[in-house]
Amino acid sequence: MDKNFYKNSLNIFNSNFSMKANLSEKDKFYADFWEKNQIYQQILRKRRGNPRFILHDGPPYANGDIHIGHALNKILKDIIVRYKTMAGFYSPFVPGWDTHGLPIENKIINQIGSKSTLEIRRKSNDFANSQILAQMKQFKKLNLLTDFKQIYQTNTPNYEAKQLKLFKKMVSRGLVYRALKPVYWSPSSQSALAEAEIEYLEYRSPSLFTSFDIKKGNNFVAENDKLIIWTTTPWTLIANSGVAVGENFDYVRIKNGENFYVLAANLLEKLAVIFDWKHYEIIDNFPGRAILGIKYLHPIFEKICPIVSGNHVSLDVGSGLVHLAPLFGEDDYWIGRENNLEMVMHVNDDGKFNENAGQFSGQFYADSNKLITEFLEKKSKILHLSFIDHSFPHDWRTLKPVIYRGTPQWFVSIEKIKKDLEKAIEEIEFPENWLKKRLTKMVVERKDWLISRQRSWGIPLIIFYDQNKDPVLDKPEIFDYIISLVEKFGSRIWYEKTTDELLPEKYQNLGWTKENDILDVWFDSGVSFFAANISDEKPPFDIYFEGSDQYRGWFNSSLINSVIYFGFSPYKKLLSHGFVVDAKGNKMSKSRGNGVDPLLILSKYGCDIFRLWVANSEYYNDIVYSEAIFEQNVEIYRKIRNTVRFLITNLADFKPTKYELTEVDLYIFNKIQKLKNEIIQNYDQNRFVRVVKIINNFIIEFSNFYLSIVKDILYADKKESLKRRQVQYNLYELLQVLNIAIAPIMPTTAEEIYSFIQKNNKQISVHMEEFFKESHFDEELDAKWNEFFQIKDSVYQLIEQKIKSKEIKRPNEVGVLLKTDSDFIKSIDLKKLLMVAKVEFSNGKTEILQLNWEKCPRCWNHFEKINKVCARCFEVLSEIVPEKNS
């Protein structure tokens, strides 16, 4: 008989489950399949009465294409939702979009110029809606388990009305107030900014030591003595109205040359080096309180200002004497109020100086540093000038520097609700305790929330001013009336109608006016727990999951708003992920030139490999993107796919039936139960990288050991042999486990695999299946087999030596003389497990026996003597030869 006859007699099947994935084609095919069959909707109907699990989607900003961070975020959420859904929970996933704010407004203004507020708002609204549609189309390519017809967006009348209901609640609780305070001000945006809208970037500032002349002295200082002042913002010297000292700090009056100077004693040596003072003389020592009330001459204008006490004075840097410009610094402001200092505002909204700047009026604040320095130089008031590079606040949208600037603004008091916030944080589950501390620091230690913005595209602050220009906050019926109008017409009504048209009849024609400011956009997204319609579900929701920057953003505003409205956190658990960085650890972005388009990645690799990269990342840290890392995930995917293909192919003739297992088959079945348990535990902990690693490691071990030893049974035994069916039962068990296990991560591949699985009560989609439950794992059985693997390792070391010396080609050519006293080892089929020709037991050392036995041409195993083929193959062939000859 020829070789082809033997080959054709083996149990070798073909499969339509291809080795090549063709993911790009299959992504579209299965996405269409899921949409056509309304799989998401069917899942929700099926799970409707089950326990709920709600992951609330934080809304991305509706501007521009999605970036790799968007894709990472949505996929991580989708993995959780898919797993929870398969685990039996009712878990609707409702995507949202944040639509108001400066980027869109600026884009529209650049397109149409400075038109009316109504026109800017109309165009901004249209643009935001178009961007939602564009981003939605891109998000669909990520194979998310959701219905993009059921979304929420912050510019709908219903959402806006609910947002204003929450604002009304804040007002009714006495939390909203208006005050003149220095706040972050962005000249580039011409608006106030909250802390959440600040990004710290490197910036070069002047480091200037100048002097102020004392006008009238006392027992410690004299007229014309010079106060040494340090500043990095010379432009604020125009608004100077006082100098602060530390009451209990020690100060010195020193003489250098012809001049007398005053500075902190602890900083004298340091400054003497900077000023190159070689021969100074200490004239007197005194505490800071000794010169309180002393007057000095303003460095620029002809006016007199006082020395006052300041708790913020530090001896770390500077001179121990701090220049105060009360409308340009928070500490300055409070000290100015306490001491009735003059409040000078010389900077307009656009950052240019007004008439209060005298000869410098019309200058942009940053450009004036040079001019003011030159002015002081001419008056011989500069002791030292250098430049420092330091971290400086910038507008997170325009990336331009911001300043502290005193303007009348609206605030929400955080001080009044701090205890409530602390209590709410205690109820939140965090994966790590340091994350709890981070949120606490961001929320509880923050200043009062600045909620007003001087822009057009946003939700209006629905506040009226009476004829005396006082805000009307004590008329709830006015708020209710406006909210009803917004619910019907949208927030545009505030700008379309006159003040009287917006008021209930009894408050009309009283000479009232309306507020022009809008609410902080973080207020918009921060009410989504209440304003978004998530399948009629109410907070607290199970998880909020966003980038780590949201501790000061969405996590923060959502918590504050929910505590004010409901009295509890809107989320039970908080998860966060890092940023996507390149191979060098640099954050990826278009502006840095290292950004990567996720749509191009999807086109090249397919969605499942992209999702595998996400799952296989330690997302709680920054996530590295590189071609090399993607190729590693391609290799993992290939291993999974090839293993699945082997399983499917070798189950072609298997009908799902349970078989009693023994020996190694029982050991492997037990291992599969452990695999199931570990997968469940890590999905429950949202440790997807561990899920991937566990699956990958199992496949490697399974292939290297079990598949190696059972291929002979699968291919060469009778089709219906019990041994073969026992092996197939394990293959079937593993195939089902892998299919379900990868479904949350790789939905396309899981769906394709499912189409090849035979089972009773099969669903229309794998994603409608139930996730497997935890199973009993026999630790004693598992431990018992450790003894075998120790023997296997030692035997194979000896066999490898024979192969390296070219005495043999394969392990199945040799015999093993094995030293062992173990009853367990003697009870198992070592010939099969070690894949050798024979095994004998010995009292001496373990040896490899070189045999010159005959090779069976059908199964390629070696035997002492065969009659054309081995006995097993002869028995198989004796049944199929008549079939071949018929």
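Yeah, the Cβs are placed from backbone N, Cα and C, and that goes for glycine too.
Of all ranges given (60-70, 93-103, 775-785, 841-851), Swiss-Prot attaches the label motif ''HIGH' region' to 60-70. Of all ranges given (232-236, 547-551, 587-591), Swiss-Prot attaches the label motif ''KMSKS' region' to 587-591. Of all Cβ atoms in the shown protein chains, 23 besides its own fall within 10 Å of the Cβ of Glu546 (L-isoleucyl-5'-AMP binding site).
The Cβ of Cys859 (Zn(2+) binding site) lies under 8 Å from the Cβ of Asp712, Tyr715, Ala716, Val869, Cys870, Arg872, Cys873, each of these being in the same chain and 6 or more residues away along the sequence. Sitting within 8 Å of the Cβ centre of Cys856, Cys859, Cys870, Cys873, and not among those site residues for Zn(2+), are the Cβ atoms of Ala716, Pro857, Arg858, Trp860, Asn861, Phe863, Ile866, Val869, Ala871, Arg872, Phe874.
Long-range Cβ proximity for Cys856 (Zn(2+) binding site), meaning a same-chain Cβ under 8 A and a gap of 6 or more residues, is found for His862, Phe863, Ile866, Val869, Cys870, Cys873.
Remark: secondary structure over the motif ''HIGH' region' (60-70) totals 3 helix, 1 strand, 7 coil, with classes taken from DSSP.
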